[in-house]
Amino acid sequence: MTGHPQTDLGLYKPPQTVRGMTELDRAAFSQTVSVPAIRIPTQVLNKVVKGLKKVALQRPGLKRVVEDHSEDGNTYSSKGEHRLLLLDPNNITYADSFGSEEAEALKAYGVPQEIHKYQLKLTYENLKSEEILRAVLPEGQDVTSGFSRVGHIAHMNLRDHQLPYRKLIGQVIIDKNPGITCVVNKTNTIDSTYRNFQMEVLAGESNMVAKVRENGVLYEFDFSLVYWNPRLSTEHERIVSLLQRGDTVVDVFAGVGPFAIPAARRGCEVLANDLNPESFRWLQHNAKLNKVDRKITSFNMDGRDFIRGPVQERLPALMKGSQKIHVVMNLPALALEFLDAFRGLLGPEPDQSLSCLDDNLPQVHCYGFSKEDDTQRDVVERAEASLKISLQGQCPVHLVRNVAPNKEMMCVSFTLPRGVLYSTHTQNRDISEEPCPKKQKCEDLTD
């Protein structure tokens, strides 16, 4: 290190010489800064430090209280009668900077209100990840140190201007986040077929098998081969909270089981399906891991084939029971289009079912993305277009999360009309017609 100590403002930024660095050189971030300090007798040290906590230097990895050294490096007292409390240069620059509260504390313990200068060495370990990246990346460019955590894996979505620095960014994320041992960057959009994406390992190990605990449930899966979104934990919990012991859950796009596993743990019978063979394999693994494999019947099929096969076979018997039937369709890019698989699913309506009040009709929770100004209206209209029937006034719509600027993930919930399930009702029907003389109630679909 050369030159004079940095000014106080340098405490919060690494040296300019690291600008443009693409291979991490931790030593290059070291610098010496001059910070204010106050000399305190050791007998009253703890009490004074407590009184000055609002103006003391707060920085991870740095001690606020240091030895009292003279300019030549020797201590003022061999007995260690005094210590220096380092102060925040943004709050204290000279003796009169103390507020009334701090001044009273100093006076009460007989500590002179004098400011000393302490030469503090800052290293890479004392800097935050955002500070490091802001110093390295081109000035004025967006700096990101945010990521989604999936077990030991940090998943980033870097922008084009950040890519030349991607290896350095990955290493900084590992250094500054205990427990992260692998950093990956998504290199393409999600494949709507298997819902996975290509990724590049930026730093750390290449082990993609993650262990994740969500809402008290343990999951294991290969993150590079399946879909997992840690931002959906609240939504998983919301849907599961609607379920009662003995209910049946039909999970059309089950993934590795974030709806299916907790539903089974709640005492539900679950039919879980996913087209991705890797998701199917990890779904079965997680069912055994959580000791609910006897409650889950799993399938590896296309969603429409699943609805028109195993679901169609079981639905008549389930509808004769008293326990609720919940259909979860979490494939927001396409799920609304898959609703057409329910049209005429049960064939001609049997005579004994003319009383529509006696049927235990399935309750559907279907997800979709929307970029429209009126997102609720958009997803409802798209559901209606697939079902060829009106749902107006019959289905609550829940905002799940903001995915991107002007793009929302929504969940539309409704009782599946018998006018959709039976083929005699699906022929020559206008979308404005009511599905049944009595509108289906769906107040119980919201939490």
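Every residue, even glycine, has its Cβ placed from backbone N, Cα and C.
Around G303 (S-adenosyl-L-methionine binding site), the same-chain residues at least 6 positions away in sequence with a Cβ under 8 Å from its Cβ are V252, F253, N273, L275, M329, L331, A335, F338, A341. According to TrEMBL, the S-adenosyl-L-methionine binding site annotation covers H236, D274, L275, D302, G303, N330.
Residues or ranges marked as compositional bias 'Basic and acidic residues' by TrEMBL: 427-447.
The domain 'SAM-dependent methyltransferase TRM5/TYW2-type' annotation in TrEMBL covers 147-418. In the predicted structure, the domain 'SAM-dependent methyltransferase TRM5/TYW2-type' (147-418) carries a mean pLDDT of 92.
The annotation region 'Disordered' is assigned in TrEMBL to 426-447.
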Sequence-ordered list of residues in the chain of N330 (S-adenosyl-L-methionine binding site) that lie 6 or more positions away and have a Cβ within less than 8 Å of its Cβ, or none, is D251, F253, G255, F259, Y367
Rank the binding-site residues D274, L275, D302 by how many other Cβ atoms lie within 10 Å of each Cβ and give me the one with the fewest. D302
Other CB atoms, at most 10 A from the CB of H236 (S-adenosyl-L-methionine binding site): 21
